[in-house]
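Annotated features, as they stand in Swiss-Prot:
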| type | residues | note |
| --- | --- | --- |
| BINDING | Gln215, Gly217, Lys218, Thr219, Ser220, Gln473, Gln475 | ATP binding site |
| BINDING | Thr219, Asp312 | Mg(2+) binding site |
| CARBOHYD | Ser76 | O-linked glycosylation site |
| MOD_RES | Lys123 | N6-acetyllysine |
| MOD_RES | Lys132 | N6-acetyllysine |
| MOD_RES | Ser166 | phosphoserine |
| MOD_RES | Lys239 | N6-acetyllysine |
| MOD_RES | Lys239 | N6-succinyllysine |
| MOD_RES | Lys305 | N6-acetyllysine |
| MOD_RES | Lys498 | N6-acetyllysine |
| MOD_RES | Lys498 | N6-succinyllysine |
| MOD_RES | Lys506 | N6-acetyllysine |
| MOD_RES | Lys531 | N6-acetyllysine |
| MOD_RES | Lys539 | N6-succinyllysine |
| MOD_RES | Lys541 | N6-acetyllysine |
| SITE | Ser413 | site 'Required for activity' |
| TRANSIT | 1-43 | transit peptide |
Amino acid sequence: MLSVRVAAAVARALPRRAGLVSKNALGSSFVAARNLHASNTRLQKTGTAEVSSILEERILGADTSVDLEETGRVLSIGDGIARVHGLRNVQAEEMVEFSSGLKGMSLNLEPDNVGVVVFGNDKLIKEGDIVKRTGAIVDVPVGEELLGRVVDALGNAIDGKGPIGSKTRRRVGLKAPGIIPRISVREPMQTGIKAVDSLVPIGRGQRELIIGDRQTGKTSIAIDTIINQKRFNDGTDEKKKLYCIYVAIGQKRSTVAQLVKRLTDADAMKYTIVVSATASDAAPLQYLAPYSGCSMGEYFRDNGKHALIIYDDLSKQAVAYRQMSLLLRRPPGREAYPGDVFYLHSRLLERAAKMNDAFGGGSLTALPVIETQAGDVSAYIPTNVISITDGQIFLETELFYKGIRPAINVGLSVSRVGSAAQTRAMKQVAGTMKLELAQYREVAAFAQFGSDLDAATQQLLSRGVRLTELLKQGQYAPMAIEEQVAVIYAGVRGYLDKLEPSKITKFENAFLSHVISQHQALLGKIRADGKISEETDAKLKEIVTNFLAGFEA
């Protein structure tokens, strides 16, 4: 009874003040010692089988609680939002993984739980599931391996052509370049659309908003711009090439499939990446897709190359973000959007930039698309994006149904920095066109009230009608800049003033065919020089005059 003797010796060794200890406490120490002795004696007498069963009992009774710093448990799940207890070390916008294999992103870091948005079907997650940190902020694969592919918002291939071969990854939420690495916009980004390249020119590194009601041709302008880059990407000059990223947000899958087919038919997919977060995808994926596409574009920008990104459209991204924010219990503001919805778009669009030569001289041009309701450009999201961008192309339903396509309202459309990037040849021929069209619109409003107009006003109306006809252009038929210059030259210099407006389109097609087949050297000179010299001017005048004489006859 060694254990009992030790306990008694300890009790006797206590000083007299230990008398204050109750008899119960002293008794309990003797009971504990006796139980320990009995347990040891029983273990000695038992066989191997009983020892293993006792050990099994102790193992099963062990504390199975997990480390709450790196993992957590789902408290509630619904509407694509999971509330998770634990994950104390998780970072904002860190990727987390659920036990079902689904990924999510931590957005709300609260004292007692973490709000996680789920990238996928939340029905695969149930309460009590374990969630673990990945330690990585959300990133996507980037590089030239993605060209010609269709990927989702996380960079996973969804075109059935196998996995993406890229080994380079980049965070989706990178900070925009500062002031020092940037340089002012100076190189043209040609869309191939006469009305845009002549009146609202876009430069490489610019952010130009395409805004209008549904079904007014917003996506058509974006697709024409991508198709027009084929003439540069087929060449060998890397400085002229423009890689394209098209981000489809909240669109129908059939629409995206149709778009990919159109680009494939035009042989434009070889220099294009399509990032798709369709209407059936979870709201967090629709929110994330523009940032993922932007990171893919930044890869080209930061490697001294040029890229164009189209966000179609940011209205749907804002709606997805509003849905997430309200479900995360963030306070709503105007139109129920959260207070940081301006920052949502500004931090995205500020990443489009023209870098200076010390930083590679690359560029990322952004063409965000915004859908308005009944032409209301004073709504919350349209005004936000208009204030962030460097100009806007405003499309009108009324013009669209009048047959003026692209339905660009020349008065409301503006490019704040693009004129510095416009080629000199286009500046020379289109310089007065915007003013003439503005005067035409002003006079046309009064002309319907009376017919007794002076000769100068009648001349203004006549010229305006013909220029409006001249700016019409078919879908998926972008034009080279030198072809645009030749056509606009004929209209602005007054050679078409006596031609019937209904014959303008026919004249344009015939004139272009004639110039391309008979005067290729002149077009090459305009393209190479980038300006119209006196010699070129005289040659153009001669060609237009001679062709018109034959055309009218």
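From the backbone N, Cα and C atoms, a Cβ is placed for every residue, glycine too.
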Which of Ser76, Ser166, Thr219, Ser413, the listed recorded positions, has fewest other Cβ atoms within 10 Å: Ser76
When distances run from the Cα of Lys123 (N6-acetyllysine) to each of the recorded positions Ser76, Gln215, Gln475, the nearest one: Ser76
Longest CA-CA distance among Gln215, Gly217, Lys218, Thr219, Ser220, Gln473, Gln475, per record bound to ATP, angstrom: 17
Site with most surrounding Cβ atoms, counting all protein chains shown within 10 Å, from the recorded positions Lys123, Lys218, Lys239, Lys498, Lys531: Lys218
Length of the line joining the Cα atoms of Asp312 (Mg(2+) binding site) and Lys541 (N6-acetyllysine), in Å: 42
Pairwise Cα distance for Lys132 (N6-acetyllysine)/Gly217 (ATP binding site) [Å, integer]: 45
Assigned element (helix, strand, coil) containing Gln473 (ATP binding site), judged by DSSP: coil
Neighbouring C-beta atoms (10 Å sphere around the C-beta of Lys539 (N6-succinyllysine)): 17
Protein Cβ atoms within 10 Å of Lys132 (N6-acetyllysine), excluding its own: 17
Alpha-carbon distance [Thr219 (ATP binding site); Ser76 (O-linked glycosylation site)] in Å: 40
Residue from Lys305, Lys506, Lys531, Lys539, Lys541 whose C-alpha is spatially nearest that of Ser220 (ATP binding site), among the modified residues: Lys506
When distances run from the Cα of Lys305 (N6-acetyllysine) to each of the modified residues Lys239, Lys539, Lys541, the nearest one: Lys239
Gln215, Ser220 as binding-site residues, winner by CB count within 10 A: Ser220
Cα distance (Å, whole number) from Lys539 (N6-succinyllysine) to Gln215 (ATP binding site): 42
